[in-house]
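Record features (TrEMBL):
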- Arg14, Lys68, Thr96, Lys157, Arg269, Val270, Arg271: GTP binding site (BINDING)
- Cys21, Cys25, Cys28: [4Fe-4S] cluster 1 binding site (BINDING)
- Tyr27, Gly72, Ser120: S-adenosyl-L-methionine binding site (BINDING)
- Cys264, Cys267, Cys281: [4Fe-4S] cluster 2 binding site (BINDING)
- 5-234: domain 'Radical SAM core' (DOMAIN)
Amino acid sequence: MLTDEFGREVTGVRVSLTDRCNFDCVYCHNEGLGDTRGPMDPQDDEMSTDDVVRFLEVAAEFDVRAVKFTGGEPMLRQDLEEIIARTPDTMEVSLTTNGTFLPGRAEALVDAGLERVNVSQDALDREQFAAVTQSGAYDKVLEGVDAALAAGLDPVKLNMVVFQHTAGYVPEMVDHVAENDGLQLQLIQYMPELTGKPEWNIDIDRVHDWLAERADEIEHREMHNRRRYWVGGSDAADGDESGSEPDSRGMVEIVDPVENPTFCANCHRVRVTHDGYLKGCLNRNDDLKPMGEMTRPEIREAFRDVVANRVPFYGEYMVRNGDGEWELNEKYVDEYAEV
Ligand SMILES: Nc1nc2c(ncn2[C@@H]2O[C@H](COP(=O)(O)OP(=O)(O)OP(=O)(O)O)[C@@H](O)[C@H]2O)c(=O)[nH]1
Ligand SMILES: C[S@@+](CC[C@H](N)C(=O)[O-])C[C@H]1O[C@@H](n2cnc3c(N)ncnc32)[C@H](O)[C@@H]1O
Ligand code: SF4
Ligand code: SF4
């Protein structure tokens, strides 16, 4: 297993299979790569099936135990089932999707070896959903969640980005997962670093506090030191036994990477862009390494290099100055200037 200079073992890879998408979410960071808008057809710059599999086989040699497929919208790749089937057996395979293509394909993905899925669902309300995703696919997404559950994927995590447009809908989403078996909720702090619009930020600590009051159990996940809250439905919390089952509970995880050195200190993943660049950190584009036509030994070397150059973004790459503001650590200024 490879470990970076900051003692962070690399146990997972996050592979973006395309930067195309059928949605146009107002907040989208596209895994650090900018715009998802553009043609929907397969593009020449995307890694081929063989490229993806070759990279995963090399990563497995370094004891990488998990792969997350993402995008853009990874289900626009018609070879996703083949990629999953050819992923080394030693890796846990998970997928993050907007859910629209799960109906009709969820079962084949499971047959191929998919073990977990996260489906982005920012609201339980058709109009609000349309406003955030700029798509009319609300019903398809709900169908997609059902298809994933029916195919045996358990839990299905719903991803909700918490920002000004959605913050008011958090309580009903929490009830939704508490009252529906098989669902979990991941509340993702809105990340303005790559999208601009800091005015959309909300105070994620208030969400933590609210959940801490409601939860009957709180866990810490090793990855990113994320907190997980186990909560009952609101009827159960009010002592109203006429509603949900008293013992019906749901898990709510908070992903709060923004200005959070603890999150970065517990970051164990390397990324790959849709066009085959290794990338050490979501928030940086100055450490990209192209794999292009590389042979296996060259990919091994590039992977070692990227791990060796990984730097926790908050707390090391960015540090607080005397006024408490985050600024680029002088150590990395030259490197940054070369981009
Ligand atoms: N800054 C930062 N944000 C992350 C990181 N990992 C996840 N996120 C944020 O969380 C979003 C959702 O992540 P998912 O694709 O659902 O996967 P995950 O939650 O990381 O993984 P699992 O919970 O294991 O399924 C990402 O698109 C980011 O916005 C990370 O390493 N750094
Ligand atoms: C870039 S999307 C790619 C996968 C798929 N298209 C989807 O939406 O699930 C991966 C995750 O990033 C989240 N995300 C996108 N932009 C974000 C931002 N600015 N802040 C926080 N999370 C964001 C999305 O909500 C989604 O859960
Ligand atoms: S569905 Fe995913 S990739 Fe597409 S715009 Fe929304 S967040 Fe971005
Ligand atoms: S170092 Fe921090 S910002 Fe960069 S990918 Fe890891 S958790 Fe995200």
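Glycine is no exception: its Cβ is also placed from the backbone N, Cα and C atoms.
Where the annotation comes from TrEMBL, it is an automatic prediction and has not been curated.
Overlay of TrEMBL feature records on the structure.
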| residue | record | DSSP class |
| --- | --- | --- |
| Arg14 | GTP binding site | strand |
| Tyr27 | S-adenosyl-L-methionine binding site | coil |
| Lys68 | GTP binding site | strand |
| Thr96 | GTP binding site | strand |
| Lys157 | GTP binding site | strand |
| Cys264 | [4Fe-4S] cluster 2 binding site | helix |
| Arg269 | GTP binding site | strand |
Legend entry - Spatial neighbours of Arg269 (GTP binding site), counting only the binding-site residues Cys25, Tyr27, Cys28, Gly72, Ser120, Cys281 and Cα distances within 10 Å: Cys281
Inset, instruction - Provide the number of Cβ atoms within 10 Å of the Cβ of Thr96 (GTP binding site), excluding the reference atom itself. - result: 22
Legend entry - binding-site residues compared (Cys25, Cys264, Val270, Arg271) - the one with the fewest other Cβ atoms within 10 Å: Cys25
Legend entry - Where Ser120 (S-adenosyl-L-methionine binding site) falls in three-state DSSP terms: strand
Inset, instruction - Pop the Cα-Cα gap between Ser120 (S-adenosyl-L-methionine binding site) and Arg14 (GTP binding site) into the table, whole Å please. - result: 17
Legend entry - Cα separation, Gly72 (S-adenosyl-L-methionine binding site) to Cys28 ([4Fe-4S] cluster 1 binding site) (Å, whole number): 9
Legend entry - Between Cys281 ([4Fe-4S] cluster 2 binding site) and Cys21 ([4Fe-4S] cluster 1 binding site): CA-CA distance (Å): 22
Inset, instruction - Provide the number of Cβ atoms within 10 Å of the Cβ of Arg14 (GTP binding site), excluding the reference atom itself. - result: 18
Legend entry - DSSP three-state assignment (helix, strand or coil) for Cys281 ([4Fe-4S] cluster 2 binding site): coil
Inset, instruction - Could you list the residues of the same chain, at least six apart in sequence, whose Cβ is under 8 A from the Cβ of Ser120 (S-adenosyl-L-methionine binding site)? - result: Cys25, Thr96, Thr97, Asn98, Gly99, Val141, Leu158, Asn159, Met160, Val161
Inset, instruction - Determine, using Cα-Cα distances only, which of these binding-site residues is closest to Gly72 (S-adenosyl-L-methionine binding site): Lys157, Cys264, Val270, Arg271, Cys281. - result: Arg271
Inset, instruction - Enumerate in sequence order the binding-site residues Arg14, Cys21, Tyr27 whose Cβ-atom distance to ligand 4 is under 6 angstroms. - result: none
Legend entry - Sequence-ordered binding-site residues from Cys21, Gly72, Cys264, Arg271, Cys281 with Cβ under 6 Å of an atom of ligand 1: none
